[in-house]
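Pulled from TrEMBL:
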- 45-304: domain 'G-protein coupled receptors family 1 profile' (DOMAIN)
- 34-59: transmembrane segment (TRANSMEM)
- 71-92: transmembrane segment (TRANSMEM)
- 104-125: transmembrane segment (TRANSMEM)
- 146-169: transmembrane segment (TRANSMEM)
- 189-214: transmembrane segment (TRANSMEM)
- 253-274: transmembrane segment (TRANSMEM)
- 286-307: transmembrane segment (TRANSMEM)
Amino acid sequence: MNSTLDGNQSSSPFCLLAFGYLETVDFCILEVSIIVFLTVLIISGNIIVIFVFHCAPLLNHHTTSYFIQTMAYADLLVGVSCLVPSLSLLHYPLPVKESLTCQVFGFVVSVLKSVSMASLACISIDRYIAITKPLTYNTLVTPWRLRLCIFLIWLYSTLVFLPSFFHWGKPGYHGDVFQWCAESWHTDPYFTLFIVMMLYAPAALIVCFTYFNIFRICQQHTKEISERQARFSSQNGETGEVQACPDKRYAMVLFRITSVFYILWLPYIIYFLLESSTGHSNRFASFLTTWLAISNSFCNCVIYSLSNSVFQRGLKRLSGAMCTSCASQTIAKDPYTDRNKGPLNGCHV
């Protein structure tokens with residue numbers, strides 16, 4: 001990856017996954033298939049999440065919905081931006097030179113994933129405040145402050161990776177599908193340390209601290225409630241079931257999303273640190289860890305849809321509305337049906 005280009009290399013097709021390359025074809029089949037498949041999943045999954053939030057007002061009752069939707073929009077933009085390397089691998093002509101294209105692509109994807117990471121940290125802080133200060137929560141967490149926080153997330157994420165444009169290090173391997181990024185843009189240990197100290201480490205520490213205390217407090221509340229119910233039932237000769245903490249259930253949904261995020265990103269971060277410190281690189285490892293991390297943009301949709309009952313009802317409502325709309329359009333086209341029955345509004349079924 002750190003070798004210079006010679007005449008033969010520059011004229012031959014570039015492919016990170018060389019073992020999947022077919023000599024008779026002008027691009028790498030395996031590499032294109034993986035990127036296009038993930039691109040389709042990410043775009044379609046996040047569009048569904050955005051529409052469900054639009055059509056399910058109950059989801060907006062939680063302040064965390066602001067951050068969930070921010071992550072959905074950021075992940076959607078990740079999917080859209082992945083169309084750029086897909087077209088490049090298919091040898092479509094790029095509007096600008098390759099070096100600038102891969103720099104912009106790597107920077108954009110790094111910023112978008114930073115937004116997701118910072119949003120997860122803010123979600124954990126929001127849930128921590130909701131549990132530790134329930135009486136003053138509504139005065140502390142207001143819609144205006146939430147919007148300001150989201151703006152600061154985007155601004156901070158942009159500023160953290162901005163030095164890469166001034167030739168101080170490499171933000172990540174997202175642009176390595178371009179030959180210039182893979183072979184001429186090198187990592188810098190100081191810039192990598194800067195990213196870890198300014199983004200990765202603080203976000204991870206915040207998440208660990210807040211969720212540890214959230215589950216500890218919920219466990220204490222459940223224990224106190226069970227003791228009170230035990231005393232009450234012993235006095236009245238009745239037995240009662242302990243109600244699970246609702247905050248804990250919702251926190252578990254968010255904790256699953258956060259856990260999967262860090263599990264998928266951990267190999268990428270480890271490889272990023274190792275290459276920056278040792279200087280040794282591997283194209284297959286960089287491709288695998290990078291696109292494993294990017295696949296998290298689709299996993300968020302799956303986890304939220306499987307874990308949140310309100311989201312599931314909103315998804316059923318949306319799918320039912322689409323079926324009703326299609327049926328209404330079919331009836332409207334049929335001249336033998338009642339034309340007074342128009343299509344229903346999808347979000348108010």
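Heads up, the Cβ atoms here are built off N, Cα and C, so glycines get one too.
What TrEMBL says about a protein is an automatic prediction, not a curated fact.
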With the transmembrane segment (189-214) as the reference, which stretch in 104-125, 146-169, 286-307 has the largest tally of C-beta pairs below 8 Å?
104-125
I need to check the long-range neighbours of the transmembrane segment (146-169): which residues 6 or more away from its ends have a CB within less than 8 Å of a CB in the stretch?
63, 66-67, 70, 103, 106-107, 110-112, 114-115, 118-119, 122, 187-188, 190-192, 194-195, 198-199
Tertiary contacts of the transmembrane segment (71-92) (same chain, 6+ residues out, Cβ under 8 Å)
13, 15, 26-28, 31-32, 35-36, 38-43, 45-47, 49-50, 53, 98, 101, 105, 108-109, 112-113, 115-116, 119-120, 175, 177-178, 294, 297-298, 300-301
Using a Cβ cut-off under 8 Å, which residues of the same chain at least 6 positions beyond either end of the transmembrane segment (104-125) come close to it?
64, 67-68, 70-71, 74-75, 77-78, 81-82, 84-85, 149-150, 153-154, 156-158, 160-162, 164-165, 170-175, 178, 181, 185, 199-200, 202-203, 206-207, 210-211, 214, 254, 257-258, 261, 265, 293-294, 296-297, 300
Note the mean pLDDT of the domain 'G-protein coupled receptors family 1 profile' (45-304), expressed as a whole number.
82
